[in-house]
Amino acid sequence: MKFFIVLVAALALAAPAMGKTFTRCSLAREMYALGVPKSELPQWTCIAEHESSYRTNVVGPTNSNGSNDYGIFQINNYYWCQPSNGRFSYNECHLSCDALLTDNISNSVTCARKIKSQQGWTAWSTWKYCSGSLPSINDCF
């Protein structure tokens, strides 16, 4: 019985680190609830699919400049968020990179929309997979 209690406690503590995995439709609905126009949802869901497989807790491998990419949209810590190791960042989204790794994607969505407004869709290297005809998200609503 003690083992079972310890196991349940360990799993409960580990659960936040596991992150959330969205589906295309659950991400589209969540982003729409956060104010993203329906007309942009096919592009955003495509980017999330190719950047993180819809997972919120992904930290990408180290880039050639020593930076990393965080969260469902793989937002770069050199320009957009402050890494926890104190490394220099322009931190244009004014948040910690850890805030991009939570199940609550509001920070990720706000920051990603800022990136898009400043740099366009091509800020994401995976845009090449998303710039053509995409499946409708109408079946998600």
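Sequential numbering from 1, following the chain as shown.
Yeah, the Cβs are placed from backbone N, Cα and C, and that goes for glycine too.
Among the features that Swiss-Prot reports, active site is placed at GLU51 (among others), with the record citing sequence analysis. GLU51 (active site) falls within a helix when secondary structure is assigned with DSSP.
The annotation active site is assigned in Swiss-Prot to ASP69 (among others). On its own chain, ASP69 (active site) has GLU51, VAL59, GLY60, ASN63, ILE75, ASN76, ASN77 as residues at least 6 apart in sequence with a Cβ closer than 8 Å to its own Cβ.
Marked as disulfide bond by Swiss-Prot on the basis of sequence analysis: CYS25-CYS140 (among others). Around CYS140 (disulfide bond), the C-beta neighbours below 8 angstroms that are at least 6 residues distant in the chain are ARG24, CYS25, ALA28, ARG29, LEU41.
The number of other CB atoms found within 10 A of the CB of CYS130 (disulfide bond), across every protein chain shown, is 19. DSSP assigns CYS130 (disulfide bond) to coil, not to a helix or a strand. For CYS46-CYS130 (among others), the entry in Swiss-Prot reads disulfide bond.
Annotation comment: Swiss-Prot describes CYS81-CYS97 (among others) as disulfide bond. Cβ environment of CYS81 (disulfide bond): TYR70, ILE75, SER89, ASN91, CYS93, LEU95, SER96, CYS97, ALA99, LEU100, CYS111 lie under 8 Å away, each six or more residues apart in the same chain.
Around the Cβ of CYS111 (disulfide bond), a 10 Å sphere holds 23 further Cβ atoms from the protein chains shown. According to Swiss-Prot, the disulfide bond annotation covers CYS93-CYS111 (among others), on the basis of sequence analysis.
With DSSP states grouped into helix (H, G, I), strand (E, B) and coil, the domain 'C-type lysozyme' (20-141) comes out at 54 helix, 9 strand, 59 coil. Residues or ranges marked as domain 'C-type lysozyme' in Swiss-Prot (evidence: sequence analysis): 20-141.
Among the features that Swiss-Prot reports, N-linked glycosylation site is placed at ASN65 (among others).
Look at Swiss-Prot and you will find ASN104 (among others) tagged as N-linked glycosylation site.
Annotated signal peptide per Swiss-Prot: 1-19, in sequence order, evidence recorded as experimental evidence.
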The average per-residue pLDDT within the domain 'C-type lysozyme' (20-141) comes out at 97
Counting other C-beta atoms within 10 angstroms, the emptiest spot among the glycosylation sites ASN65, ASN104 is ASN65
Recorded positions CYS46, ASN65, CYS130 vs ASN104 (N-linked glycosylation site), shortest C-alpha separation belongs to CYS46
